[in-house]
Amino acid sequence: MTPRASALPSGTPLAFLNGGGELGALMRAKDWSETPLGSPETWSGSIKTAISICLNSRFPILIWIGKDLRIVYNDAYIPFFGGAKHPAMLGEPGRIAWGEIWPAIASMHDEVGAGRATWVEHYQMFFARTVPHEEVYVTFGYSPILDENGRRIEGVFCACYETTEEVVRERRLSTLRHLGARSAEHRTVEIACREAAEVLDGNPLDIPFAALYLSNEEGGGARRVAGTRRLGERAAFPAVHPIRDVVAADGPWPLGLVAETARAAEVTDLPSRGCQVTTPLWSDPVETAFVLPLKNANHQRPAGFLIVGVSPRRIIDAGYRSFLDLVAGHIATTIADARVLEEERRQAETLAQLDRAKTAFFSNVSHEFRTPLTLMLGPLGELLAKPEGALAPDARVLATVAHRNSLRLLKLVNTLLDFSRIEAGRAQACYEPCDLARYTAELASSFGSACDRAGLRLDIVCDPLPEPVYVDHDMWEKIVLNLLSNAFKFTFDGGIAVRLEAAPGGAALRVSDTGVGIPAAELPRVFERFHRVDNRKGRSHEGSGIGLALVQELVRLHGGTITMESREDHGTSLTVLVPFGTDHLPAEWIGGSRSLSSTASRAEAFVEEARRWLPGPAEEPAEDRSPVVEDAQAAAPPTEALDARILLADDNADMRSYLVRLLTGQGWVVEAVADGEAALAAARRHRPDLVLSDVMMPGLSGLGLAAALRRDPHFTEVPILLLSARAAEDARVEGLGMGVDDYLVKPFSARELLARVKTHLVLAGLRRTAAARVRRSEARLQAAIDLVGLSPYSWDPATGALEWDARLKAMWGLPPDAHVDQDVWWSAIHPEDRPLVEEAVGRCIDPAGDGVYHVEYRAIGIEDSVERWVSTYGRTTFENGRPVEFTGAALEVTERKRAEAALRESEERFRRFAEHTADVLWLADLESGGIDYLSPAFAQVWGMPADDMPDIASWLMSVHPEDRDAAAQAVERVGGGETLVLEYRIQRASDRAVRRIRDTFFPIPDLDGRIRSAGGIAQDVTVDTGLRAYVVADGDDARRGLVGTLQAAGYEVRAFASGQAFLKMAGSLIPGCVVFNLGDAGGLAVLSELRAARAHLPVVALGTSGGDVGFGVRVMKAGAADFLELPWTPESLLFAVRTALAALRAEADRARGGDEARSRIAGLSGREREVLEGLLAGGTNKTIARTLGLSPRTVEIHRARVMEALGARTLPEAVLLATAAGVRPADHGGNAREARHPSGKPAARGPPITGER
């Protein structure tokens, strides 16, 4: 049968094979008669219908036909076969076409053979497609194709689609999710790597094997820390791998190259490199692997390497590579997190070691403190125990202060010793049965007098307990006193309640107050050692921050608990619960004795400290002194009293009292307060000359006080000195950073304190004097700036920040409160001026330049759209070759620019007038005697170039000797401020002719009224008869005859012996008639040269034609005005000369009219000249208005000004004058009518008024 590749006519038995693209053409071309299926004409209608659906569907479809299930498919199915099977499999048996998967799909055909449809989702198959056994996932369904009767199965219809990408993507995402989940767990780096390897082991289809190497910290190699199970101890994956940049003979992995480039490296042909690894599921040898860097964010070189095998049954595409990169990224993040955790554990262990060392130190040093304290308290106690009179009053005060602060120090030492013993596990107790109610009431009542002085209510309710409570008396004393001391310290109104009662399981002690309370956020930390609530109002800021922490530890030693309830601004309640009986206590400590020394604190120390927190006269006796290193009287010699007021802030009453006595002893007035808030209020009431403050105070600290004062401009010049017990350098730096002038560390000497206070008072006075001078200078500068309208400004080139005043903002069309920045500045600059400004800015911030910025430009108002001229000058400050600040001043020069423009226009009008007038305009400097300006007419009138008359002396030399004195006097008179007119004669340099000049002299005063310059208008008023002739003849007789005849007729005659001699002088001769003898003066050649020179001298030629009729015509063409045949007669000669001169005068009249018109036209404005050109073009007011974009009324106004300037009464007269001046009519695209001369002829077209257009 003949193959039929082309489409078949519709209606034919084989029309069902039409369409189908490539497979349709293949089916039509295939000789089906050679197959068991036979010719397509014989196929059943069901098969034909199924094949037609298959070929024309865009869905992948496969049809199995006949007993041996021959294959027919469509174009969409071609990718399933790939290039290895397509198109050879068309019409082949299914067992052959899909032999590799036949065992898997044979059972499905059996189901269809039984008449049941079947389907499967994400079925894994392996196609011989892009790789020999490509892993493919397909979702497909099998349906039987029944004959027309529905009884016999003639084939199988298989619709399918590939889901490989979906399955692989979900599988890989699952791997990444598991890696991410593991990364959140706490582990070491090795454990993290092993768990990552376990996750990778769970995806053998994408990662047949994996090995993890970590870089050694010392460099030079990497150690294997984890791998998937199938690796084992293979030689290809050594325990330590060298890092080389090439593949070495002893290993296939280019770790060095990956470390250097930070990029993954592909390694192929693994079996030949000694890496014999097969896939876990299919036992295919793995041919390709990747070495990926485990990047380290803090270092250039990677933290390690991930070596992963690639599935031989998958294509290595972009998706595969991206997946491997993400795996490496997750593992790198996991390693980084694990290292952070390891570092935190190491730091925690280090801190724990330090804490243990600190505890041991406290224990040792506390014991060392107790010995000198004992030697201090003992003698002081003996002194105070002496009877009155046995000790001087001043000495008793000093001993009292020393004793009181020694007790406070002993209390702190005991607290530290208690802590060190508890932490070291060496605390000892002696638990004894106790009447806890009575004992607690006695301890609490010791605060009665202090509460009375503070105005607080102290309620003590201690009910008898039903059972005995075993407590350590010393510890219980510390518990009660610490709780009461805290309550008293932070309670200002209301009262304190102490209640002891039986509670389930034991005795409950509750200490409640109505104090400031504690913020809810701070409650979890109140029992932490050394933790203090910031900015909490209290009677004093003194304290170690370990009181409540110690109470908690002491309660725990009693087997009890402590809890706190608190509301900010409402008070606090602490409850201690101690169990009854002894079951909870160590048996060896019940009723026993201590081997360690007691750390009991007497209630006296707590109560005395509380009393010192209270204000009042009793706390600050005038004689009190604080126990500092040196006594003030001995340390500081008497100093000159300064008229100064000092504000002192310290919450410690003893220190406050001592400092007051110390400072007032120097003659200074001192105001002492107990906290920062009071100090700030006092400073605002009365400005101090110096502030002396403690750093640690309740409420507003010393640093907070300094910051508040520095924020207030009123106190910027007030020196601030801080006192602190913190000797660390960072504390000093923090204080100085707040604007503090000095920082003294306790303990300090009196001499040092007084010296620093006096120094800062003196310096402050000097600063005040200097500041006053600066303010006066700034006031004078501001007055000058306001007077000239300058606007100072600054600009930060790095940030673009600007500082402008209201005047400069107004130049930009902005209100005074408008925000300005670099964008605002640039946005208003005129687009035409922006390149100029950019160049100036770039030049001034260039370190190679001088840093100067001077430019004038236009700014268009942002809100008012007004165009203004700005002149600005500034200079850049450089640091290390970098511009750091730019300062300058700007001035609005709009009016100046307008004046300059008006001046330029005025000068331009003057220049045009001077160029077109026949009068000589002059300007002279009377002081130097120089002539500054001569108009172009000077060369014609004086017959010399203007450069030949540089000064007044040269001008006087050109004046006729008889008129020279009068001219000199005129110069003197105009110098005296007089305006005058003088007529004088000059001898023109070009032809030695005498000319009469009428000169108007006028003075030009300077701004100060002095006459330094003068100007004038010189007019040539010489009366010219016009009877002037030039005779050119070689022969003496002929020359004399001509001269005599002309002179007799009244002509001024000048004779020349040859034509060449005449030509040399022709350019400088005054207009007249030339009488030229052709025969002996050079002939026609001289006439031609004279015409070419355009000397404007008419010629009457004399000669002999010799009977040549055309000779006279040739003479006239050569340039002669007339020709006379020799011999001539006097009548004919004089007639010819008169006629030639008349023509010359007429031409001169026309030229003078044109000059006068041009002079007048030069004074017109640009718009008036455009209207004149429109009138010359024949335009009406309407057409000119439309062309120029004006209103007809405006054109009428300009037209009237033009008529007035030209001195014309009618439009034709104006057109005549403008035409004579050489004005061309406007050309408006051919729309204007041609200008007409008043005679009706077209107007002559001369140059435009404004020059070339």
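Even glycines carry a Cβ here, placed using N, Cα and C.
Pulled from TrEMBL:
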| type | residues | note |
| --- | --- | --- |
| COMPBIAS | 1225-1237 | compositional bias 'Basic and acidic residues' |
| DOMAIN | 364-582 | domain 'Histidine kinase' |
| DOMAIN | 645-761 | domain 'Response regulatory' |
| DOMAIN | 777-848 | domain 'PAS' |
| DOMAIN | 853-905 | domain 'PAC' |
| DOMAIN | 906-978 | domain 'PAS' |
| DOMAIN | 1028-1141 | domain 'Response regulatory' |
| DOMAIN | 1157-1222 | domain 'HTH luxR-type' |
| MOD_RES | D694 | 4-aspartylphosphate |
| REGION | 614-635 | region 'Disordered' |
| REGION | 1225-1253 | region 'Disordered' |
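Ranked by Cβ pairs under 8 Å to the domain 'HTH luxR-type' (1157-1222), the stretches 645-761, 906-978, 1028-1141 are led by 906-978.
Taken residue by residue, the domain 'PAC' (853-905) breaks down under DSSP into 12 helix, 32 strand, 9 coil. Counting every protein chain shown, 27 other Cβ atoms lie within 10 Å of the Cβ of the residue listed as '4-aspartylphosphate'. Broken down with DSSP, the domain 'Response regulatory' (1028-1141) shows 54 helix, 24 strand, 36 coil. Taken residue by residue with DSSP, D694 (4-aspartylphosphate) is part of a strand. When averaged over the domain 'PAS' (906-978), pLDDT in the model lands at 90.
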